[in-house]
Amino acid sequence: MIKQRTLKRIVQATGVGLHTGKKVTLTLRPASANTGVIYRRTDLNPPVDFPADAKSVRDTMLCTCLVNEHDVRISTVEHLNAALAGLGIDNIVIEVDAPEIPIMDGSAAPFVYLLLDAGIEELNCAKKFVRIKETVRVEDGDKWAEFKPFNGFSLDFTIDFNHPAIDASTQRYAMNFSADAFMRQISRARTFGFMRDIEYLQSRGLCLGGSFDCAIVVDDYRVLNEDGLRFEDEFVRHKMLDAIGDLFMCGHNIIGAFTAFKSGHALNNKLLQAVLAKQEAWEYVTFEDEAELPLAFKAPSTVLA
């Protein structure tokens, strides 16, 4: 049986909040089978839980938030959520003593290292996947995203920002997902932002944690970071990282082929909600026999060592 995964032990890290610029302590806790992914704000009394749920997602200019029925939110969840998807973590409680997850270096890599440091434990309960049975597509002007049936998890993403620095890079990235591929090819790709946007936001007391340490920063012509890019096509790789995190907001790894053109957090979420709302378009599946599991979700040696 392919089993659900959680952490072996509690781990903790500190970082800076993108919005406040203040220190945030992040604690990742193991959770029992069928708990799901739960984000928790411990700065509130009593603490408030935000279960990962496609319907709770709000996209802001700066980040992705989860919002509850009382309009309380937890911000900047997308990169940690991508790391959870990448390593196939089904059950976890994520605590922060702030309104936001720390931005770290703007990628998912610090979260991957933290999860691997905690160790991954299999629980004696079948892991549920969402399998796509029918094509579902959403559009917004010239932007679109779709899922098609596929026995694995593939992603094909194209960006078009009409910006000299971004146009000079390769703007399409496609891959067959696996934990190894995610860690090597996607997890280190950083978020990017425009200097003028960051300066404007900071002048209004927002994005106070925004810096060259946690993003690729571009002006109207070029990348401003002294160290340059981690990958020639880091921009599109990061958009794929975002999509992996967005699509894991249903709390389950997805078996299907994802293709997107100029999509972002909001459209990715719209696609996920469109899939889940169409009962005949998907089904839950479990695997008794590892031989039947799509290669995409085979546990890498580095994870279950």
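Even glycines carry a Cβ here, placed using N, Cα and C.
The active site, proton donor feature in Swiss-Prot is assigned to HIS265. The annotation Zn(2+) binding site is assigned in Swiss-Prot to HIS79, HIS238, ASP242 on the grounds of sequence analysis.
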Task: Cβ-centroid neighbourhood (8 Å) of the Zn(2+) site, HIS79, HIS238, ASP242 excluded - done: GLU78, ALA82, GLY106, SER107, ALA108, ALA189, ARG190, THR191, LYS239, MET240, LEU241, GLY245
Open item on the list: What does the structure give for the C-alpha distance between HIS265 (active site, proton donor) and ASP242 (Zn(2+) binding site)? Integer Å is fine.
Closed with: 7
Open item on the list: Let me spell it out: for each of the recorded positions (HIS79, HIS265), count the other Cβ atoms within 10 Å of that residue's Cβ, using every protein chain shown. Which one has the most?
Closed with: HIS79
TODO: Run through the Cβ atoms and count how many others sit within 10 Å of the one on ASP242 (Zn(2+) binding site).
DONE: 24
TODO: Ten-angstrom check, please: count other Cβ atoms within 10 Å of the Cβ of HIS238 (Zn(2+) binding site), all chains counted.
DONE: 28
